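K.L.:
This is the structure I have questions about; it appears just below.
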Amino acid sequence: MTTHAHIESWLTDMDGVLVHEEHAIPGAAEFLGALQERGLRFQVLTNNSIYTPRDLRARLLASGIDVPEECIWTSALATASFLAEQRPGGSAYVIGEAGLTTALYEAGYTMTQRDPDYVVLGETRTYSFEAITRAIRLVESGARFIATNPDVSGPSVEGTLPATGSVAALITAATGRKPYYVGKPNPLMMRTALNRIEAHSEHTVMIGDRMDTDVVSGLEAGLRTILVQTGSTRPHQVELFPYRPTRVVDSIADVVPLVAERAPRVGRDEGSASAMSRVEDGTG
């Protein structure tokens, strides 16, 4: 990662950065508009495997944010991409919803309950004890264990809900087999997003609201990182981690002016170098 590189592409988390409880966070639409106005490549990332990109686009539109489907990268899509590379045309027993099953189907996978190559665990609104029991028995019989993301809980109107990580822990306790998690904080999700838009890590920034997923995976993928304080990680918690983001800002609104300042400028290499020095030391 070079100090004087300009920013050609952006990765950003969705919940806690662009939206919060179905409402757009101030500055989100302006940030995305600034990227599109300058023709900069970007991807909106989420560990949520429940929804398809079409579903998520509709959700974002309802909040006033316009993101093309092809600019949305979910842990379900990353999981399907990973499995298609590992075992093309394979089979899987899936615990999950349309976001995951559709991604696997489009990657050429067959869904089956009999002797699958993989047990793939994702998010679902209602985890079935019968489905979990079947997953345990299939893993015991030799199926490889994959999970979309390690989040142990998620929010709902009624309160906290168990998420993929909690159910994965149950299956691990019963089988002694740990899953391979594809979503954040695995830097694989960042790298696949970069590959999708033909971007390079030294010219890309990751924006997130969580130190333990967004920032660490961005760092491990070789990206500069920006932490916004509109989501999970609170300001006083940043110092508790053994690593730091490149920059900490209040919200996505503070990133909007950085898009223009750090964008590539033909024939303005010296100015770009000076601007990038400021994003590294946080003085810009």
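In case you wondered, yes, glycine gets a Cβ from its N, Cα and C as well.
Since this is a predicted model, take the numbers as computed values, not measurements.
From TrEMBL, for reference:
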ACT_SITE  ASP13  active site, nucleophile
BINDING   ASP13, ASP15, ASP209  Mg(2+) binding site
ACT_SITE  ASP15  active site, proton donor
BINDING   LYS184  substrate binding site
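Just tell me what is around each of these and how deep it sits.
P.N.:
Under DSSP, ASP13 (active site, nucleophile) is assigned to a strand (E or B) in the three-state scheme. Taking a C-beta cut-off of under 8 angstroms and a sequence separation of 6 or more, ASP13 (active site, nucleophile) has the following same-chain neighbours: VAL44, LEU45, THR46, ILE207, GLY208, ASP209, ARG210, ASP214, GLY231.
The Cβ neighbour count for ASP15 (Mg(2+) binding site), using a 10 Å radius and every protein chain shown, is 19.
Counting Cβ atoms from all protein chains shown, LYS184 (substrate binding site) has 28 others lying within 10 Å of its own Cβ. For the recorded site, LYS184 (substrate binding site), the DSSP three-state label reads coil.
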K.L.:
Quick check: which same-chain residues outside ASP13, ASP15, ASP209 lie with their CB within 8 A of the centre of the Mg(2+) site CB atoms?
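P.N.:
Other same-chain residues near the Mg(2+) site: MET14, GLY16, VAL17, LEU18, THR46, GLY208, ARG210, ASP214, VAL228, GLY231, SER232.
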K.L.:
Can you tell me how far the Cα of ASP15 (Mg(2+) binding site) sits from the Cα of LYS184 (substrate binding site), in Å?
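P.N.:
Between the alpha carbons of ASP15 (Mg(2+) binding site) and LYS184 (substrate binding site) there are 13 Å.
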K.L.:
What is the Cβ neighbour count of ASP209 (Mg(2+) binding site) at a 10 Å cut-off, with all protein chains included?
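P.N.:
Total other Cβ atoms inside 10 Å, all chains included: 25.
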